[in-house]
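The block underneath contains the structure these notes are about, expressed in structure tokens.
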């Protein structure tokens with residue numbers, strides 16, 4: 001049975017500045033919603049807002065997460081995104097969601113989300129998950145999750161550096177050579193040679 005997990009991405013922003021009776025923060029919306037208008041060529045931080053009079057219930061819904069993705073690819077995984085492209089009502093909210101289907105031994109290539117915390121829930125099967133801390137420790141924090149388990153991948157609060165080569169090939173303990181070989185589509189021996197240098 002394929003391993004499935006759902007990832008909820010949250011991106012809260014908050015900043016305070018006190019100076020001369022000034023307060024700054026990620027402001028609350030000045031309107032009820034800002035449904036994306038994909039036909040508008042004006043691009044801002046997000047997409048331009050659709051005229052509120054034209055907003056429909058379909059702008060806030062998506063159907064399709066019940067459909068398994070095609071895992072018949074070299075990674076053995078399929079990502080079904082639910083972002084502002086699929087739900088225009090997510091525009092400016094800083095939140096999205098994905099369904100990831102895995103074939104046995106499937107992987108998602110090593111990656112990071114610079115502006116979001118990721119919450120992952122295993123719906124069926126089991127899944128090895130983890131993240132690597134920033135330099136200089138590059139410590140691998142990982143766990144095998146079972147059905148119903150949740151794991152959080154924190155947004156980087158440390159303004160330090162995560163050198164990709166150090167993080168991927170020099171983590172302590174090592175990320176599995178099987179996982180890296182599949183993610184980078186190279187022979188396991190090549191991964192081991194690279195890991196040895198770190």
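Just so it is clear, glycine is given a Cβ too, placed from its N, Cα and C backbone atoms.
Features as listed in TrEMBL:
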BINDING   111, 113, 118  Mn(2+) binding site
BINDING   113, 118  oxalate binding site
DISULFID  34-49  disulfide bond
DOMAIN    63-192  domain 'Cupin type-1'
SIGNAL    1-24  signal peptide
Worksheet item: If you draw a 10 Å sphere around the Cβ of residue 111 (Mn(2+) binding site), how many other Cβ atoms fall inside it, taking every protein chain shown into account?
Response: 6
Worksheet item: Reported as an integer number of Å, what is the Cα distance between residue 49 (disulfide bond) and residue 113 (Mn(2+) binding site)?
Response: 25
Item to complete: To the nearest whole angstrom, state the Cα distance for the pair residue 111 (Mn(2+) binding site) and residue 34 (disulfide bond).
Response: 29
Discussion item. Give me the count of other Cβ atoms within 10 A of the Cβ belonging to residue 34 (disulfide bond).
Written reply: 23
Worksheet item: Can you tell me how far the Cα of residue 118 (Mn(2+) binding site) sits from the Cα of residue 34 (disulfide bond), in Å?
Response: 23
Practice prompt. Would you mind giving the whole-number mean pLDDT across the domain 'Cupin type-1' (63-192)?
Written response: 89
Discussion item. Return only the integer: C-alpha distance in Å from residue 113 (Mn(2+) binding site) to residue 34 (disulfide bond).
Written reply: 23
Response to the item:
When the binding-site residues 113, 118 are compared by other Cβ atoms within 10 Å, fewest goes to 113
